[in-house]
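**Student:** Here's the feature list from Swiss-Prot:
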- N17, Q47, N67, G77, N78, N164, N197, E215, R216, G225, S226: substrate binding site (BINDING)
- C76: active site, proton donor (ACT_SITE)
- C224: active site, proton acceptor (ACT_SITE)
Amino acid sequence: MSALDNRLFAKMNGIGNEIVVVDLRDQPAPVTPADARAVAAHVPYDQLMLLQPARLPGTEAFVRIYNNDGSESGACGNGMRCVARQMFAGSDKNGLTFETRAGLLNCWRGPADGLYTVDMGEPKFGWQDIPLAEEFRDTRMIELQIGPIDAPVLHTPSVVSMGNPHAIFWVDDVNAYDLGRFGPLLENHPIFPERANITLAHIVDRQHITMRTWERGAGLTKACGSAACATAVAAARLKRTDRTVEMTLPGGQLTIEWRDNDNHVLMTGGAEFEFEGRFDPALFAGALDPTGA
């Protein structure tokens, strides 16, 4: 028996990032990686957002985040906007606080209808915090390349943690590279002991960046909120952009602000409801891991 048997779910998207939201606040039973993979086979998604009972005073829920391969993620900005939309519906609150593996996240109604803002917390730059497999004193750009030594295809990425590891490669044209081919190679590179999200980014001007991302555990996606945050921060660290930028992703636009006063990163964008349904228990009948996970 799965904790997801007969549970209501909402299929949503955050500028094209495919999200499934399930409210399990009345159900403390755990959801397994095998359950998460079974859901992905039935309702394709990039991230599965599970609202579990709150563990800390002042929070609405503990949000557990699964990628579609059954691995867990500490952060998903687009998914949190979808969660915020669901929780704000029928509520007169202007702000909500959630706990995730990456820490506390605050969400607000955005500056216009249909927009939501998520405080993604502080970025981390230390090589052990990202983490990397070896020491780099300066993570603004590290020595890493793919392709021939004398003519690398991609090289010298910036690395950042936004609760999950990110590597950003600066390019002239984000569509000129086969990210579906290079993404999994770089995601699983030995330098990233916990794997990494891989982004190709082009700085248009000081207020605008275009980007594409291969998401750790999900593959090519139309949008990755934490990658947009990491990319904006990395560009500002290199002094190539201002601290507030517009991000163009395949699925749409995000506004990212890296605040001076507290070092927190704010992400603002849309969240769309698509449909809702209920999980058939038969979906999880064979969802067993040989490890028992």
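Yeah, the Cβs are placed from backbone N, Cα and C, and that goes for glycine too.
A quick note: this is a predicted structure, and the numbers were derived from the prediction, not measured.
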**Student:** What is the biggest Cα to Cα gap, in Å, among N17, Q47, N67, G77, N78, N164, N197, E215, R216, G225, S226, the residues listed as binding substrate?
**Tutor:** 17
**Student:** Which recorded positions (N17, N67, C76) fall within 10 Å of C224 (active site, proton acceptor) by Cα distance?
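**Tutor:** Within 10 Å Cα-Cα: N17, C76.
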**Student:** For a quick check of packing: other C-beta atoms within 10 Å of the C-beta of R216 (substrate binding site), how many?
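**Tutor:** Counting Cβ neighbours of R216 (substrate binding site) within 10 Å gives 25.
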**Student:** What subset of the binding-site residues N197, R216, S226 lies within 10 angstroms of C76 (active site, proton donor), using C-alpha positions?
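**Tutor:** S226, listed in sequence order.
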**Student:** Count, for each of the binding-site residues N17, N67, N78, N197, S226, the other C-beta atoms lying within 10 angstroms of its own C-beta, and report the residue with the smallest count.
**Tutor:** N67
**Student:** Report, as a single number, how many Cβ atoms besides its own are within 10 Å of the Cβ of C224 (active site, proton acceptor).
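**Tutor:** I get 36 for this one.
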**Student:** Excluding N17, Q47, N67, G77, N78, N164, N197, E215, R216, G225, S226 themselves, which residues in that chain have a Cβ inside 8 Å of the centre of the Cβ atoms defining the substrate site?
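**Tutor:** Going along the sequence, the neighbours appear as D46, S73, A75, C76, G79, T213, A218, T221, C224, A227.
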**Student:** Across all the protein chains here, work out how many other Cβ atoms are within 10 Å of the Cβ of C76 (active site, proton donor).
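**Tutor:** So the number of other Cβ atoms within 10 Å of C76 (active site, proton donor) is 33.
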**Student:** Would you mind pulling the DSSP three-state label for N67 (substrate binding site)?
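**Tutor:** N67 (substrate binding site) sits in a strand per DSSP.
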